[in-house]
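**Q** Before I ask anything, here is the structure I am working with.
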């Protein structure tokens with residue numbers, strides 16, 4: 001067993017100063033026998049020290065001799081603490097670390113979003129110079145049998161021996177059996193090797209080095225005289241002096257009293273645990289209540305203070321560099337946040353608006369649909385224009401941000417998923433598609449409701465006429481008047497019935513028209529279809545009943561016809577001629593009162609022509625009326641001549657000469673009214689035609705104007721006349737002239753509104769629609785704004801990179817020379833030809849293709865296949881300038897971290913301004929290397945992410 005007291009000698013692990021390990025074991029046993037309280041102190045201290053490392057692996061121990069018995073946590077402890085012994089080159093160069101990883105079959109590189117994590121597997125490394133050589137732990141055995149536990153402990157002991165430590169009388173069986181003395185001795189060996197051996201102060205090391213460090217640090221403090229690692233620490237002032245020397249803000253040393261050791265010790269232990277991440281390893285009473293505290297426990301505790309304070313230096317210079325880099329990054333992130341918010345707000349507005357435009361819920365009445373149309377016009381005039389401006393501003397902000405990122409050697413900004421400029425353009429295109437579909441649906445729905453209102457009114461008129469005609473017909477057909485009638489009366493009743501059948505047949509067309517109209521109303525989804533259907537059903541059922549009753553009455557009259565004699569032919573002739581004429585007059589009145597809907601002059605002129613044709617038939621109709629009236633006059637004449645007393649009206653018909661004259665007068669009144677209505681509609685259609693011409697004249701002027709302006713802007717963006725400032729001034733004047741043209745667009749909008757209010761749905765005088773002109777106007781405004789933004793970015797690039805006007809002119813001349821199609825961008829082959837002309841080796845061979853692919857990755861990060869002029873300028877300027885690199889920032893952070901591979905939040909807050917320290921803490925990923933401690937942060941991946949070599 002190792003003599004742990006002898007370990008205080010500097011030559012413990014050297015060739016000189018040989019003492020037998022058996023003597024060391026005897027000293028250990030004797031110490032325990034002399035003062036058993038030391039075992040208690042060692043248990044607490046060693047347990048706390050082990051847990052300070054095991055917590056990095058997410059575990060801990062409770063009982064030191066029990067929890068190490070199976071060897072699993074013992075191997076885990078060795079794996080965690082041995083990771084601190086890094087290859088010398090790995091601490092100064094990430095490239096050297098990578099070369100080490102390549103040589104070691106026991107290492108893996110895991111990449112996750114640009115961060116690099118190294119996981120060391122304890123396998124055999126064939127390279128003796130590799131930083132992981134000699135630190136090999138085999139895979140533990142997971143069995144629960146005693147042999148598995150012994151094997152695991154033996155693996156751990158072999159690993160300790162590989163570090164140059166000779167273990168005497170410490171066997172795996174004693175550890176597995178829970179031998180407290182052997183277990184404590186093994187842990188003390190591990191502490192000496194990994195926590196104390198490498199301490200070096202002024203050519204002294206291990207215990208002497210640690211003691212010298214304590215003496216130097218506590219020398220200025222009164223009542224502190226560190227001469228050893230037991231009595232010198234009993235009053236607690238030495239612990240407090242160490243903390244105050246390095247962190248004076250944590251302890252008010254002047255208030256401490258030498259005669260109050262418990263308070264002093266508790267104060268030091270609590271402050272160390274709270275602010276320095278040093279776990280509490282002893283209680284104050286453990287030290288105060290023993291005559292001589294355990295030296296090993298005190299050394300273990302003090303070594304933790306040494307490691308906590310040994311690395312703070314060279315921070316201010318590194319902090320300044322980091323502040324500068326972070327300030328640029330914070331400004332860029334502020335611009336990114338502004339873009340994200342503006343993009344989110346615009347996309348949210350589009351998301352809310354599209355469902356409204358896609359809503360196709362029809363309304364029942366024309367008034368409600370016209371209100372929807374008015375709401376849509378409101379949206380076009382009031383709500384959409386500001387969003388068009390926001391979309392344009394969003395693209396300008398995006399281009400400005402990308403330019404700033406390129407100038408500060410930062411990666412291009414990639415908005416979050418769904419918020420790219422292309423995503424916004426796609427959403428905007430979908431919005432405009434929904435907008436166009438909504439307008440078409442509104443107009444179609446208004447036409448449908450017009451058609452429905454017309455059909456419903458026509459149905460009500462025809463139904464009212466039919467119901468008026470059928471009123472009383474069932475009672476007439478069911479009466480038994482023929483049973484007591486004379487022969488002449490029977491014959492009259494029969495002839496009257498025949499006339500009724502003729503009348504019934506004449507009404508068949510009207511019934512069919514009523515049913516057809518009802519069917520069409522149902523097909524067009526008329527809102528009051530139930531009442532229409534009920535009324536139509538009643539008419540059809542009544543019509544069927546009239547047919548049956550008519551047939552039944554005819555059969556009854558024919559049975560008695562043989563008993564009856566002649567009938568007056570004149571009455572019969574009157575009835576037969578009067579019935580169709582009466583039906584013709586009723587149809588004429590119905591047609592003259594019929595509603596009509598037309599949409600152009602040709603349709604109204606067609607109705608006027610049809611009406612003129614109807615008027616031309618009136619003379620013949622009047623002759624027929626006079627002939628019918630002559631029949632009735634002849635009846636009166638014959639009756640008067642023969643002295644016949646007529647018994648009331650014509651027995652064969654209910655149509656009287658007075659009713660015929662009355663309906664004829666009605667027809668005569670309706671004809672001029674129809675004339676007037678047709679002429680009024682003709683005037684309205686002529687007015688509509690004037691509106692079409694008025695809109696067409698303006699549209700045919702504005703449309704070509706917009707196209708010409710778009711072509712001129714494209715030409716201006718390619719040509720280089722004057723300095724960039726001259727071009728910018730010219731473009732802004734050009735933009736102002738375009739804005740001053742806005743009243744013409746507003747006037748056209750007013751004409752378009754008049755057309756829509758007049759319900760005009762077509763215009764044969766122009767191929768331009770208001771929608772086309774709106775899109776063209778918006779594209780014109782967006783194009784001039786984008787062109788101005790490109791010139792501003794060129795100015796920004798010129799000033800930042802120190803490019804002269806002549807160089808910019810040369811760049812533009814080269815760019816334009818190879819832009820054969822004058823599209824404003826260079827395709828891949830055009831760009832390759834340009835590079836060849838500038839002397840780049842990108843010929844068509846393997847090496848040239850690789851170089852060209854590298855350059856295309858710089859100028860075209862989105863793989864669009866084209867190179868803009870701005871990207872061309874950035875590339876050319878980048879070839880001649882130099883900027884900060886990620887390696888410089890990493891080196892600065894390493895200084896702040898005291899040459900550690902990680903940095904803590906406390907170190908960042910101590911060395912950086914508060915806002916930038918919090919900025920780093922919020923964005924740095926946890927450090928997961930083998931030497932990680934709780935709260936360790938990965939500054940390497942953070943630094944590479946700043947320059948686009950990985951992701952934040």
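Even glycines carry a Cβ here, placed using N, Cα and C.
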**Q** Taking 490-524, 525-559, 560-594 as the choices, which stretch does TrEMBL tie to coiled coil?
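**A** Here TrEMBL associates coiled coil with the stretch 490-524.
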**Q** Please list the DSSP helix, strand and coil residue counts for the domain 'Calponin-homology (CH)' (204-310).
**A** 67 helix, 2 strand, 38 coil
**Q** Treating G and I as helix alongside H, and B as strand alongside E, what does DSSP give for the domain 'EF-hand' (806-841) in helix, strand and coil?
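**A** Helix/strand/coil tally for the domain 'EF-hand' (806-841): 23 helix, 3 strand, 10 coil.
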**Q** What is the number of residues in the domain 'EF-hand' (847-882) that are helix, strand and coil, as DSSP sees it?
**A** 23 helix, 3 strand, 10 coil
